[in-house]
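Peer 1: Quick one: this structure, given as structure tokens, is what I'll be asking you about.
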Amino acid sequence: MPGKQSEDRPMEVAAVEDGGDEGLGGLTVEELQQGQEAALALEDMMALSAQTLVRTEVEELYEEVRPLGQGRFGRVLLVTHRQKGTPLALKQLPKHSTSLRSFLYEFCVGLSLGTHPAIVAAYGIGIESANSYSFLTEPVLHGDLITFIKPKVGLPQPAVQRCAAQLASALEHIHSHGLVYRDLKPENVLVCDPACQRVKLTDFGHTRPRGTMLRLTGPPIPYTAPELCAPPPLPEGLPIQPALDAWALGVLIFCLLTGYFPWDQPLVEVDPFFEDFLIWQASGQPQDRPQPWYNLSPAADTLLWGLLDPHPRKRNPVSSIKSYLGQPWKQREEGAEELTKELREDGSRGGQEAAKGEQPAC
């Protein structure tokens with residue numbers, strides 16, 4: 001899945017007045033101050049962490065067992081402590097593509113948030129080697145959520161609601177710290193067991209304090225909120241807010257329920273699926289319902305309309321899903337028993353396939 005590129009920079013509180021206009025997402029001085037406090041706390045933590053880095057080669061302390069994941073900027077390994085035998089996950093970032101500051105930032109964000117049960121716990125051990133920076137987290141061994149999503153089908157309803165509830169709680173926790181996650185997608189959700197009972201959010205390299213100025217520099221993806229696709233209200237960009245995460249959560253829930261992306265890009269002029277959704281959202285008429293939405297229940301419609309409101313000030317917060325848990329989110333669950341059995345027996349299949357043409361599949 002293509003990633004989104006962006007530039008971001010801190011924002012001065014004085015730049016937005018209390019109750020700013022909708023183009024600024026309605027950020028108040030109080031909200032921006034919360035973001036600045038989060039930024040200052042992270043700076044202090046980074047300064048301390050820089051002084052306590054362990055300078056050694058990873059192989060001297062840990063033995064590699066197997067790879068757990070690979071990304072554009074680094075890799076994650078399952079390792080064991082050479083003396084104690086403790087299993088750990090080690091994220092390794094090469095120095096040629098990662099600055100010390102970027103490493104310390106991601107490391108410290110993970111440390112500050114990792115007490116939540118739906119966020120991967122980070123341990124306070126940062127390592128500087130000759131060619132890389134590394135830090136340690138709890139190991140989560142059943143892969144990421146994209147491998148569990150069956151294209152054009154999704155997940156069983158109970159699994160969808162469990163995942164959605166846990167991720168919404170994790171995002172609430174992040175927002176309570178004055179931060180915005182900014183990178184919610186199945187690849188950043190780790191699965192703790194074959195039945196997908198528990199999930200954990202990981203990878204905080206894109207997390208930023210609320211109010212940080214953001215400018216999109218690459219093509220949007222389905223999870224990109226539409227306000228980021230519009231011309232920015234200020235030359236520096238758009239001050240980010242938790243509504244960005246609410247939009248991404250809505251897209252993710254749709255993917256889990258259907259096995260489809262609702263659209264490729266949230267741009268009316270280039271994506272007919274997004275245009276169809278906005279027409280239906282505006283009219284509310286059954287005849288305007290886009291085809292991939294046919295099997296969703298009225299409760300799911302209301303939930304997703306709230307999370308996917310194109311206006312950030314009107315968009316419901318991630319906590320809004322609590323009102324819909326326990327209600328049906330699908331009209332019918334075709335092959336539910338078989339799908340649940342497949343989920344338990346083979347969590348590695350699914351999301352690597354891609355539909356060609358028509359509605360984009362997960």
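Cβ atoms are placed via backbone N, Cα and C, with glycine included.
OK, Swiss-Prot features for this one:
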ACT_SITE  Asp183  active site, proton acceptor
BINDING   Leu68, Gly69, Gln70, Gly71, Arg72, Phe73, Gly74, Arg75, Val76, Lys91  ATP binding site
COMPBIAS  1-11  compositional bias 'Basic and acidic residues'
COMPBIAS  330-348  compositional bias 'Basic and acidic residues'
DOMAIN    62-330  domain 'Protein kinase'
REGION    1-20  region 'Disordered'
REGION    317-362  region 'Disordered'
Peer 1: Could you measure between Gly74 (ATP binding site) and Asp183 (active site, proton acceptor) for me? Cα positions, answer in whole angstrom.
Peer 2: 16
Peer 1: Can you tell which of the recorded positions (Gln70, Arg72, Gly74, Val76, Asp183) has the fewest other C-beta atoms within 10 angstroms of its C-beta?
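Peer 2: Comparing Cβ neighbours within 10 Å for the recorded positions Gln70, Arg72, Gly74, Val76, Asp183, Arg72 has the fewest.
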Peer 1: Taking 8 Å from the centroid of the Cβ atoms of Leu68, Gly69, Gln70, Gly71, Arg72, Phe73, Gly74, Arg75, Val76, Lys91 as the cut-off, which other residues in that chain fall inside it around the ATP site?
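Peer 2: Going along the sequence, the neighbours come out as Gln92.
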Peer 1: When you rank Leu68, Gln70, Arg72, Val76 by Cα distance to the residue listed as 'active site, proton acceptor', which of the binding-site residues ends up on top as the closest?
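Peer 2: Given the candidates Leu68, Gln70, Arg72, Val76, the nearest one is Arg72.
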Peer 1: Let me know how many other Cβ atoms fall within 10 Å of the Cβ of Leu68 (ATP binding site).
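Peer 2: Other Cβ atoms within 10 Å of Leu68 (ATP binding site): 19.
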Peer 1: Could you state, as a whole number of Å, the largest distance between Cα atoms of any two of Leu68, Gly69, Gln70, Gly71, Arg72, Phe73, Gly74, Arg75, Val76, Lys91, the listed ATP binders?
Peer 2: 14
